[in-house]
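Following: one structure in structure tokens, then a few remarks.
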Amino acid sequence: MNLCCNAAGLCHSVTMKSKYSQYYNKTLITYHYAYAKNMTANETKEQYKVKKQLTELNIVLVILCTIIILENLLVLLAVFRNKKFHSAMFFFIGNLAFSDLLAGSAYIANIFLSGPKTLELVPVQWFIREGTAFIALAASVFSLLAIAIERFIAITKVKVYGSTKTCRMFLLIGACWVTSILLGGLPILGWNCINNLPDCSTVLPLYSKQYILFVVSIFTLILLSIVILYVKIYLIVRSSRQEATNSQAYALFKTVTIVLGVFIICWLPAFTVLLLDSSCSMQLCPVLSNAHVFFGLATLNSALNPMIYVLRSKDMRREFLRVLCCWGVLQSGRPSERCLVQLKSSSSMEHCTNKFEHQTTPIMQTCTTCV
């Protein structure tokens, strides 16, 4: 290695080549897990041999992820089927539902590739296993930020839903996915701890501690950004001169409290564990051995998002019932052909979206229930 370092460029090139050449090393994961747990390679192999593929917790998480997939699929079907929902706000909600659906699917795959299967993976498979779940969860978080940005723009700017609405919407959605894929793909691209065991994470033994710290910092900034945006929205609504402003402001405050409360409750334990992971060993912080429990709690956020962002819409709830009716899940004594009857808009969210399609004055001056 010293010989390589005689020229900075050569050193970097050789190191990267050596790192990438380890991606198909079948014994590398065993040694990384052994180092993280302060065990020998043989002890690690024996420990993972006796592990159950599906523990009681994993069964609960599989059921939870199945619910996540079904409820978010229901959201996507509702948005797709009903043309009244083909507006920017509902497309953002559909994007959130899609990312949560992927999060549920990726976490199920992660569960079935964990336990005794872990040491059978090669590093590139391990990176795909962890990276896919991470991309889906990150996309869900970025979608929450995109919705907050869209709502802030919608309530403060002019002609939000005019000729540039499609461009604005796809830019935000595209940025959400590009950022998530980039963030989740950094380890497989090279930001990992292969060939540098002291830099390895305890919870995710092939990830660099610096990468973990970077990710937690990004998510913390996202949380702060969402808080700032919703506080500004709340203040704008509160200061408007519309009738019933106080009740509308209170309703908004209640929604924001639920959104932020659920986000913090679900993600703060995982963030805390990852922060500990970047500065603490498993011997000093035994809670790191139960990190999967906190990641499961973070996944719960994907199950609660549809309830917060969608089920508060009367029209969406009705569309849910219509979809379930058409599937034969709910009949309620009604003829099946009534499942296909078009809805009349009644929710404030959709009312505002349609009303200001060609708005030329700030939305906040005439409607304060868009958020």
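Quick reminder: no glycine exception, Cβ is built from N, Cα and C everywhere.
Predicted automatically and left uncurated, TrEMBL annotations should be read as such.
Taken from TrEMBL as is:
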- 59-80: transmembrane segment (TRANSMEM)
- 71-309: domain 'G-protein coupled receptors family 1 profile' (DOMAIN)
- 92-113: transmembrane segment (TRANSMEM)
- 133-149: transmembrane segment (TRANSMEM)
- 170-191: transmembrane segment (TRANSMEM)
- 211-237: transmembrane segment (TRANSMEM)
- 249-271: transmembrane segment (TRANSMEM)
- 291-311: transmembrane segment (TRANSMEM)
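Of the two recorded stretches, the transmembrane segment (211-237) does not lie close to the transmembrane segment (92-113), with fewer than three CB pairs under 8 Å once pairs fewer than 6 apart in sequence are set aside. If one looks beyond the transmembrane segment (59-80) by at least 6 residues along the same chain, the residues whose Cβ comes under 8 Å of a Cβ in the stretch are 86, 90-91, 93-94, 97-98, 100-101, 103-105, 107-108, 111, 296, 299-300, 302-303, 306, 310, 316, 319-320, 323-324.
The listed stretches are 92-113, 170-191, 291-311; of these, 92-113 has the most Cβ pairs under 8 Å to the transmembrane segment (133-149). Note on the transmembrane segment (170-191): residues 16, 19-20, 91-92, 95, 99, 124, 127-128, 130-132, 134-136, 138-139, 142-143, 145-146, 149-150, 206-208, 210-211, 215, 218 of its chain, located 6 or more positions outside it, place their CB under 8 angstroms from a CB of the stretch. Averaged across the domain 'G-protein coupled receptors family 1 profile' (71-309), pLDDT in this predicted model comes to 83.
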